[in-house]
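**Student:** Dumping the structure here so I can ask a few things about it.
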Amino acid sequence: MNKPICSTGLRWLWLAVVVVILDISSKQWVMAHFALYESVPLIPFFNLTYAQNFGAAFSFLADKSGWQRWFFAGIAIGISVVLMVMMYRSTAKQRLINCAYALIIGGALGNLYDRLVHGAVNDFLDFYINNWHFPTFNLADVAISIGAVLVIFEGFLSPAEKNAVNKNE
């Protein structure tokens, strides 16, 4: 029951690799050029602000004693494995869903790298309106969010619409 990898959704894992490279590179640049919590305004609603998150999205569980590092690392590994199995079971022509899975995997692995190497996820994208700041995030978070939106979008497509999206292969 072995299938050539190029005929499966795993063919799209290159996108996950690109996300990991861009995410880790951008975080390394920020860590090399910013002190922790240093902020540089770029435009009236956006700063580059170096922050660390010991929890998950919106600093969920960030105030715990450290066990959450391994908990979230396990979740990232588990989700990545499940999505890779789903990609293997799909065809390479199912571009939308495979790209979505690859974005989520790339984001999960980018943040996993931070958790394992730095003990926390490094964030630096800071959007705000007046004094209200959206939680600081990074490129891995952007990839995960886009991937999740694409999964939801794909779920609303009819089979005919899915065929039209995936047709040009």
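Backbone N, Cα and C define each Cβ position, glycine as well.
Sharing the feature lines straight out of Swiss-Prot:
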{"type": "ACT_SITE", "residues": "D123", "note": "active site"}
{"type": "ACT_SITE", "residues": "D141", "note": "active site"}
{"type": "TRANSMEM", "residues": "4-24", "note": "transmembrane segment"}
{"type": "TRANSMEM", "residues": "29-49", "note": "transmembrane segment"}
{"type": "TRANSMEM", "residues": "70-90", "note": "transmembrane segment"}
{"type": "TRANSMEM", "residues": "101-121", "note": "transmembrane segment"}
{"type": "TRANSMEM", "residues": "137-157", "note": "transmembrane segment"}
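Help me understand the surroundings of these features in the structure.
**Tutor:** Sequence-distant contacts of D123 (active site), defined as residues of its own chain at least six apart whose C-beta falls under 8 angstroms from its C-beta, comprise T49, Y50, A51, Q52, N53, P135, T136, F137, N138, D141.
DSSP classifies D141 (active site) as helix under the three-state reduction.
Long-range contacts of the transmembrane segment (4-24) within the same chain, counting only residues at least 6 positions beyond its ends with a Cβ under 8 Å from a Cβ of the stretch, are 84, 86-92, 94-95, 97-99, 101-103, 105-107, 109-111, 113, 138-140, 143.
Remote same-chain residues near the transmembrane segment (29-49) are listed as 122-129, 136 (criterion: CB distance under 8 Å, separation of at least six residues from the stretch ends).
Remote same-chain partners of the transmembrane segment (137-157), defined as residues 6 or more beyond its termini with a Cβ less than 8 Å from a stretch Cβ, comprise 19, 22-23, 26-27, 57, 96-97, 99-104, 106-111, 114, 121-125, 165.
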**Student:** At a 10 Å cut-off from the C-beta of D141 (active site), count the other C-beta atoms across all protein chains.
**Tutor:** 20
